[in-house]
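K.L.:
Pulled these from Swiss-Prot:
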type     : residues  : note
COMPBIAS : 1-19      : compositional bias 'Basic and acidic residues'
COMPBIAS : 1628-1639 : compositional bias 'Polar residues'
COMPBIAS : 1647-1661 : compositional bias 'Polar residues'
CARBOHYD : Asn396    : N-linked glycosylation site
CARBOHYD : Asn1303   : N-linked glycosylation site
REGION   : 1-51      : region 'Disordered'
REGION   : 1192-1216 : region 'Disordered'
REGION   : 1625-1668 : region 'Disordered'
TRANSMEM : 177-197   : transmembrane segment
TRANSMEM : 213-233   : transmembrane segment
TRANSMEM : 243-263   : transmembrane segment
TRANSMEM : 272-292   : transmembrane segment
TRANSMEM : 348-368   : transmembrane segment
TRANSMEM : 488-508   : transmembrane segment
TRANSMEM : 523-543   : transmembrane segment
TRANSMEM : 577-597   : transmembrane segment
TRANSMEM : 1101-1121 : transmembrane segment
TRANSMEM : 1137-1157 : transmembrane segment
TRANSMEM : 1159-1179 : transmembrane segment
TRANSMEM : 1376-1396 : transmembrane segment
Amino acid sequence: MMNTLDHRPLGRMETMEGKPDEDEVPTSSNSDAKGKGYYYSSGTVPTDDSTLEEKCQQKTFDPSCPTPKTPVIVPNREFDPNFSTVTENKGWDIFRLLPPKPDRLGHGFWHDASLQVLKLATFLVLFLLTLGSAVVAKSTFILMTSAIGWGGQTITICNQVISEATQNTVKLKNAHVVKWVWATLLALSAPEALCFVRSMHRTMFRNVKRPTFIQFVFVLIIETFHSIGVGILVFRIFPDLDAVTAAQLTNAMCFVPAILSVISRKPNKSALLLVIIDFAAIAAQSSGFWALPMFLPNLQKHLVAIPVSLTLISLAWWQNFVHRDSVFPPVRTLAKFAQRLSERRSKTYAFVSLWKICIYVVCCFLFISSRMKIEDMLQKDPFGEKLLSVAGHDMNQTQIEKFQLRINQMIEQANREAGFYAAAEKKKQPPKKQPKADEAEQVDAGEYMMKRFKRFIGDAGENEEEEPEEEEFSSYNIYSNYVERNQLTMAYDALWLVIFQFGAVFVCYHSSKFACKVMMQRMGFALPMALSVPVTVLLLSTNCRMRQKDSCYGTNVLTVELFWQCNGASMSLADFILTPQTWIWLCWLASQFWITIHLWNPKHERLAKSEKLFILPYYIGAFVDQSLAFNRRRDDKAKIKAEDLEFDAEDSSLTYETIPGLQNKTPPSVCSASSSKLENGLIRDSASSADAITKIYACATMWHETGVEMTCMLKSLFRMDEDQCARRNAQKYLKVIDPDYYEFEAHIFFDDAYDVNEYGEPEINKFVKQIVNVIDQAASAVHQTQMRLKPPKKAKTPYGGKLTYIMPGKNKLFIHLKDNQKIRHRKRWSQVMYLYYLLGYRLMMKVDDPSRKEIISENTFILTLDGDVDFTPSSVYLLVDLMKKNRRLGAACGRIHPRGDGAMVWYQKFEYAIGHWLQKATEHMIGCVMCSPGCFSLFRAYALMDDNVARRYALKSEEPKHFIQYDQGEDRWLCTLLLQRGYRVEYCAASDAQTFAPEGFNEFFNQRRRWIPSTIFNIMDLLKDYRNVVRVNESISIWYIIYQLVMLISSILGPGTIFVMIIGAISISFSIDTLISLVIVSIPVVVFIVVCLTAKPEHQLICAQTIGAIFAMLMTAVVVGTSLQLQKDGLLSPHSMFTVAVATSFLTAAILHPLEFTCIIPGTIYFLAIPCMYMLLPIYSVCNMHTVSWGTREDPRPTEKNTLAKKTPGNLESGDGAGNSENWCTRFLCCGRGTVHPMTMVINEKLNEVIKKVDRLDRKHHPSLARRASILSSTGGTIQIDKCSEADEDEQAEIEDALEMSNQSHAAKKNQKWKQAQSEAWLADKALKRAEREYLEPEEESFWNDVIERYLSPLIMDGKDMDRLRAGLIAIRNSHTVYFLMINIVFIISVLVLQIHKDCLNIEWPLGPKFNHTVRPCYANHDDNQKEEVWVMTRLQLEPIGLVFLIFFVSILVIQFLAMLCHRFGTLAHIIASTELFCFRKTMDRLSEDELVAQNAVEIARELQAIRGIDENAHNIDNPTEDRGISRRRVVQNLESSRKSMMKRKTETLDAAFKKRFFALSSEQTPDPAGFSARDNSKRLTLRKGTIRALEHRRDSLFGTLDNRKDDEVDATSMRGPAQRRLERLFTAQQDQNSPTSDGNRRKSNSRPWDQPTSSATSSGDVELRRF
């Protein structure tokens, strides 16, 4: 049954301003026609006549087509999202306005070049550092085990000890070897001790899971076997191996991983080949069990020990080589068990690490006992000096005498030097405190050191028994044909070598981890791990050959008796390669490379945590390279299948430049046609791995922003839209999986969006109209062409209204218009709106599967924005990286840069810089950030949905302090709730965003007046709950709580500190007494306090400006006073050191932030403003704590529109406190309203006017006529009018109108939801006339009604509640003001009194004493020529409290400076990880298709989807003319070309531009394809022939074989590509099968989209077709 539509005639661009009856629900056909943008001037909706439609909707009208008897639906092209409507343009209106210049999003060429150089240098440093440290660690460890094997052997050493002999030998005893045993044990135990410390720290300060008994016992058994295997290899086998063989054997430690790799292999096409290679690796690894003893006969005794130790060692890494996808069920079970073990490893290894150290000690004593006695191992001071006898054999008498003469000369020379130094030392020392002489001289004999006689000889006096005498030994012994030279070994050389070896291990681990974090794993980790053993073998074999040739080789680094074992390693390189042992080792090396092949294909995210990189929390000092390679996780990230990357099926009514039939079919294996998104949201209605895709909801809150501020925020959203569309197109059409892919949706919540017109109806205010006007400008600025977005859809909602825009990238932008009379306004309630809408309604209500809810919530993020923020997509990537890195991260914020003009903005630039450089960085490093600013922050949905977060955030402020804590600092309170629930908040310095800062003094003070009390209240709330916070939040320790307490105390005492500083500076600068200086400074401060407590806010701000200017001038005296103080006290005085430390820390921080170095320039303004900002501002904030108005961007309503609100009693929206300080405290309550609706007052005013006019008219014509009109008050009643039969018709009509309005007024008083709730006048506003009307889904409308009723209904307060609130706020103000002033006054008095009386009570500063040298005659000896020198030393005297607080502030500064250094290193890592290296890429000609597309997919998609130039020929594309000379601008030609182009439809969506270029690309066509400018072609990837061929081939593989036929009749700009012609034929059949859907009748057309006419034809007939 057909419904008759509105028959009012409308113009061509006229909108339907009428509204349907609220009680009448339109039927489907009517609503569908409206939803499609169709309008009928008369008649009814026709039935579906396919034949007639097909005839009448061709490219041109057929003359034989009969005149339709019923209206024909003409599609509303005005609402097509892909092209702009051709409006009627006058011939004279052709002058152009160029789009604004593009924003400078990057940092310039030199910045990018420096990042490239930095990344290259990092590649090189990491490679060398990891490889070098791994080689050093392994070599030095083998050196220690080789030294154990030298025990009891006589070795040949360098003949430099006894140079007269041809050969020097030494016999190493157990006393010489025992130190290397302990050194080896320490080298094994040090990493385990470090693991114990880390595990205990995590156990004590973080909330980690406790293992079950079975899990603990299982890990204990495995690690025990592993430790026994290490002990056998190190203490039993290695001492008997030469160095080269020992290094080679470390490649045979992956027998168990080789077996597990086979049984964990996932079945696939190449599984058979992979299994064959796996068995080959097993065979290669098992060869170490039998081959090594066979080729080395001396190892026959270790025939059993070698396979046992290697197998036990390889057990440790079993967790990394079992997979859940294995075909064997036991392996899958074991993999799940391993996953649970990883979650509980901290508490497990807190005990296991100590247990392993005990195992190492037992193995040491067990296996070394066969080489030496236990008594030798337990000797005292095993690392000390030991006597070593070096023998020179085969010497004749002449050589012996020459040796004796040389030694005696050396001894005499040593004695002379010892006596000289002893005499000099004795002269220096006081006579009563002579230390004991040490007669152990060091004698230099060539290049070694020798001690003779006694090591210690006690002096014949005191302390003789404290240092016992050691045995004496002769310097040398002479025999018949040889001599012995006795010398002491170097003390603690083994201990130093252990420290050096552990340092190399430590560096290797952290450089490897850093390489993995910054996405340099192949070059910085995998390659060094593969090369470490070959390089070590090469190094050791070279050293052995060199030692064979020269016995003195290496003695300049090592002691003469220390070197590697080189049994049979002195062969040449050719002989070494040809030995069977070398070939077996190469098999081990190849098998290890295959088993650790996962190192070359990392899949982890940037800056991944150690737990995500390594399976075990420890590494082995003996072979750190193998332990790290096997410990590196294989499965880092869940794989997202390409078919799960779903995209919306495109509707033909919403797509213009598409391939026929393609809109309902997606490319093969890229999109899934079986699923869609819920209500145009980002959540799919079926489970898939795509649930883990990052979803970003940008939620901005707006109020009274200017047009420039709105444009900045909108440009940021359009940048995100463009970036997301490029990534979507790259995946959709280029079949590339982008690891950084995300889905995006934008919401803007507009507070106070409505005004009330003269009829009491809501109408959109000037700010809403402003954003509607600037949205096209923002899009034009981003896309660098004149853009005109598709008109929005407008809908009436329970909270006001909603505008829905489709951005050029097909992402949606929702503008929610809030009516203060229907819903609470202000920023916190807007945040509650989108929390409940996006997380409560869309996620929790629409998704049924709980597991899906958890996955989606962990990967859904809300990007909170202010209405004036400006950012880039790269800044969002960095925050998302932090979120992916840490699952417990609840929020992340970036670096905020204030923008604007004026001195206040310059001050804030420096203030923001110091706050971020030092304070935020410190919070990030030692705990977590306390406040994530709402202007640019990323919140995790999972954290916001947790208990006591979103629900508590929606609480209504009941107590007076709630208004301060909850509503004045909503961002900080939300972060406080996250911290109390155990989530972490982080800061990323590389994520930049700009926001407009207050430019005026008053606005700045009002902003800080909100921030300071809310900050103090939230910190105090956190400190009160510190026990719970420390318990549940692993990022917050008791030390961080103490740090926050210290910062709170410093903030409270800040005004007093500045006050004392000014007093001292004035006193020193003007040489006046301290008390006089106190009076001078106190007068303006006291006056300001009195003004703040008594005067109006406007007068307070005037007083603050005046006094602040006076103190700024006095700060010049502070400069002079500080300089005089520094000169008087010296550079080592505490004040000087503090001043230098502050200046140095600021300058260093600026140098470490080179891109922000200019922020330090306004430091002078910051210095002059210190008294104003750190003394006056806190006083102003505390004294106005009861004032809870917003204070910034307040736009007072016009007087005529505010009259009603002022007359309304009890209405808290405007208040009446403009001149009453008592009521100033309630101005913020603009959400509330009284019992009388403002509309009632409007009606009363209009009724009064009507009655007055009627009375005047009546008195004029009928003076004797008695009238009476009773207009009751707004509390109730009706108007009663006595009608007279003598009244004429006009009078009767006026009376009836007045009566009708009276009755409506009475109804309004009974129901506050009267006409304002039903009115749709704002929908007919001129700014929205082109917008299409839509209606909310019933379910969504029900949601909004419920959430408003429960949480967001406007606040209604009666007089008593207002009085109670006012009294409570004033009481809080009074109490906190008293506390604040008393604490500072006590502090000031204490410091000043102690300063005055510091002669009596002081602390002497130990540094920088001053000396006064006086020479006076000495009369005691009656000799006038004798003079006496008097030295008087004076030290600086400090008052105790001043010194304590100086140390207090210095400690804070040191902590912040060190934390800033650590944070800068982390930021550097983040920048390096995010920087893409271009210089080593293959050239385009050398890249294969897959490599080309994979490396440049997003950039190619971004170039293909560019809107600029898409509708023009290559030679007609407008290039900017402002840089050209006047003679070359071609003004007339450009204007003519522009006029012609204005008559054409313009593509307005990125998808359509991409498809048009993508399907038109052909390597057979001209090198300048349609839509590309000939300018800068060399810089475009898509214009290169290699790129075009690769894209063409990729397109064919996705969409079918190309048809090479050309259509010469088609112009180059609209030429159909080969794929288009092919796809047209492929989808012809499907096109004929299209049927009407629930959204309305779809038009069937055989015409091609690119051949559509520029204007729709109209037919002549009785029915007039119109579009709206």
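A Cβ is built for glycine as well, from the same backbone N, Cα and C atoms used for every other residue.
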K.L.:
Mind checking which residues reach the transmembrane segment (1376-1396)? Cβ under 8 Å, same chain, six or more beyond either end.
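P.N.:
For the transmembrane segment (1376-1396), the far contacts come to 1052-1053, 1055-1057, 1059-1060, 1063-1064, 1074, 1078, 1089, 1093, 1178-1179, 1182-1183, 1185, 1439-1442, 1445.
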K.L.:
Based on Cβ pairs under 8 Å, which of the stretches 243-263, 488-508, 523-543, 1137-1157 lies most in contact with the transmembrane segment (577-597)?
P.N.:
243-263
K.L.:
With a Cβ cut-off under 8 Å, give me the same-chain residues at least six positions beyond the ends of the transmembrane segment (348-368) that come close to it.
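P.N.:
Here the qualifying positions are 148, 181, 184-185, 188-189, 192-193, 195-196, 199-200, 203, 211, 215-216, 219-220, 223-224, 226-228, 230-232, 234-236, 341, 374, 377, 617-618.
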K.L.:
When each of 177-197, 243-263, 523-543, 1159-1179 is checked against the transmembrane segment (488-508) for Cβ pairs under 8 Å, which one has the most?
P.N.:
177-197
K.L.:
Report, as numbers and ranges, which residues of the same chain sit near the transmembrane segment (523-543): CB under 8 Å and 6 or more residues beyond its ends.
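P.N.:
Same-chain contacts beyond the flanks: 122-123, 126-127, 130-131, 134-135, 138-139, 142, 243-244, 247-248, 250-251, 511-512, 514-516, 553-554, 564, 566, 569, 576, 585, 589, 593, 596, 599-600, 625, 628-629, 632.
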K.L.:
Excluding near sequence neighbours, so keeping only residues 6 or more apart in the same chain, what lies with its CB under 8 A of Asn396 (N-linked glycosylation site)?
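P.N.:
Listed in sequence order: Asn481.
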